[in-house]
């Protein structure tokens, strides 16, 4: 019971997770700054080398190597080992592959490799240089997981693998992304830094100007590369290598021959084809992956009239033909994860190689001295050969002979052992000369090794020579092109849209669609698809390059490029705004719709039930960032019950406002100030407490009509309402009754001396070939009445007009509209 400890769960969890975090940081996800390898990679290379699975020998089953690695060094499951082995064999992931593999080792399309029982692997030749001299006590070893074998904590690394092949990984609280580089350039930078330990970053970048991805591509942003090499963090643009190829018949196609690092080619081709299918950019006929064993090739065939550069710019901006690569150079340095720059990486590598060369030299020197001691003994034996032979013959056994040699001639234990095991053929004159030559060579070697150990300059010369040998053997041209500046991709949005004729329709309830001229002309206007309780308020022919603005009764404006509207048949109901506009309210209705070619110029006037009015500029309605999902305000309403009564382009000088209680006010539109979208406007008419605005319209004719809720209708002259100033009460256009008083339901101009297009503030529905303006009235009992407004006689200002039906007064008006 004494072994039981009482500890809080918080302490236990914190301490255990700290241990776990330290383990996965140091032993799993991050590379060592010296050899650039993660533990699993190091174990794979060491185990394969230990088993003799090297480049000069035949391939072996991957499963055998994986089993040995898992059983001896890495007990974390065969998949993680095989996955790491496969990655080290993929020439599109590594600048210099460390494992050669026969069979399916995956692809740039993200295809999985074949199972390890089918593939074969061996170390690549350059991987041997990472392990070179490991048998000479050059690196420290540690016990494996079950203390049965020892494994290296770092490899000798005869070339700077961390920079050459890069690394990526995610750990607890740390992540790393180090790009691969060109072997020749890295070695040149190391050699220069050996000669100039305090070399500036600018000077080093003359030798190592930037990453070199195995997939090629174009790297843009010299300043960001410098920042990354200085701080360990930075971001560059990596762009595909493309060219425009001419085809027969004046067509063109975009050819992609190199794609950004770590981009899945199959996913990229699919995304480009999605652009074609969804017609996000017109002009793409077909997307083909024509890659084969000769190299990568993606063909994007274009229509004859297509703008190839605009399409390419769009694809660069909205697909992975161009990506950002983020440097995050984190590596384990003295058992600690650190954000490191180029100078730190190079200096750490040089320091590591210094240790390796010195330890190797000490090992070789000790071995040479041991051999020299033996050779000296053998040469001495040859000068007293007869005595030695006689002594050995007189000895009882090998041990006695060795002891006699040591006592009689002062030979050491090692020399005595070499003498008694010497074969007789070695006593010829030829072997005497050979021993003398070997003695001289050993003395020269020991002198050289002593110089390396004792003289830093000599040691660094050896380091440089060995690096140059690696460069000479494995150097290859740079694959990625470096460009100093990141090019800003500018896309002419208009040029991306195929200009087509279409018909746009909008209902009051918020349904909209575009319809092809063929479908529109094949149906009558009345066959439009809509809900029974909805009303078509807008139909107009337009081009797909134009823009649709929808103004609602709640003071919101909705923007839609016409090419983004759903293309449906005329008889289809259309798409409701609530499907895309998150803030479209249930009680909200479309008040006015307008199609514009541009937002350069144009004014609108808005009038609310509370009698406020304002003008605002169309420029302020230029598409906002969230237009696809949210509307924006064009007028601020005074309260929740307030509504916009009229929204119209400013066409004429005078405006006429008519209130529910029958007051009419006429004033110049120039009195209305131009204000921002968020303002509520200014007072247009001075309302009584129980009054509200019923209608507002521009004065475009000589007369206007007034319809009351009881179904009484009259037509009166505009001149009966003389022009005055804004914010007045106005004149009564109805006579007040004590019982069943009339209240204005709708008022508007009567078309007589102007066109319907100029008059109509509420709809642009194409008129039939008639000069008559009709007022359609629907009673609450469902009765429909149509009145030709021009046939009405002019009435006095104070009259209440005439009922449109003998029974309408008892039913009251439900809906009224002009057409």
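From the backbone N, Cα and C atoms, a Cβ is placed for every residue, glycine too.
Among the features that Swiss-Prot reports, active site, O-(5'-phospho-DNA)-tyrosine intermediate is placed at 118. Summarising the annotation, Swiss-Prot assigns domain 'Topo IIA-type catalytic' to 30-496. The feature site 'Interaction with DNA' is assigned by Swiss-Prot to 38, 74, 76, 87, 93, with sequence analysis given as support. Look at Swiss-Prot and you will find 117 tagged as site 'Transition state stabilizer'.
Projection of Swiss-Prot feature records onto the structure.
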{"residue": "38", "record": "site 'Interaction with DNA'", "DSSP class": "coil"}
{"residue": "74", "record": "site 'Interaction with DNA'", "DSSP class": "coil"}
{"residue": "87", "record": "site 'Interaction with DNA'", "DSSP class": "helix"}
{"residue": "93", "record": "site 'Interaction with DNA'", "DSSP class": "coil"}
{"residue": "117", "record": "site 'Transition state stabilizer'", "DSSP class": "coil"}
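Counting neighbouring Cβ atoms within 10 Å of each of the recorded sites (38, 87), the lowest count belongs to 87. Between the listed recorded sites, namely 76, 93, the fewest other CB atoms within 10 angstroms of a CB are found at 76. There are 10 other Cβ atoms within 10 Å of the Cβ belonging to residue 117 (site 'Transition state stabilizer'). The two recorded residues, residue 38 (site 'Interaction with DNA') and residue 74 (site 'Interaction with DNA'), show a Cα separation of 12 Å.
The local packing around residue 118 (active site, O-(5'-phospho-DNA)-tyrosine intermediate), expressed as other Cβ atoms within 10 Å of its Cβ over all shown chains, amounts to 13. Neighbours of residue 74 (site 'Interaction with DNA'), defined as other CB atoms within 10 A of its CB across all chains, total 23. A distance of 17 Å separates the Cα atom of residue 87 (site 'Interaction with DNA') from that of residue 117 (site 'Transition state stabilizer'). The CA atom of residue 76 (site 'Interaction with DNA') is located 21 Å away from the CA atom of residue 118 (active site, O-(5'-phospho-DNA)-tyrosine intermediate). On a Cα basis, residue 118 (active site, O-(5'-phospho-DNA)-tyrosine intermediate) lies 22 Å away from residue 93 (site 'Interaction with DNA'). Over the domain 'Topo IIA-type catalytic' (30-496), the average per-residue pLDDT in this prediction is 93.
For the pair formed by residue 74 (site 'Interaction with DNA') and residue 117 (site 'Transition state stabilizer'), distance between Cα atoms is given as 19 Å, rounded to the nearest Å.
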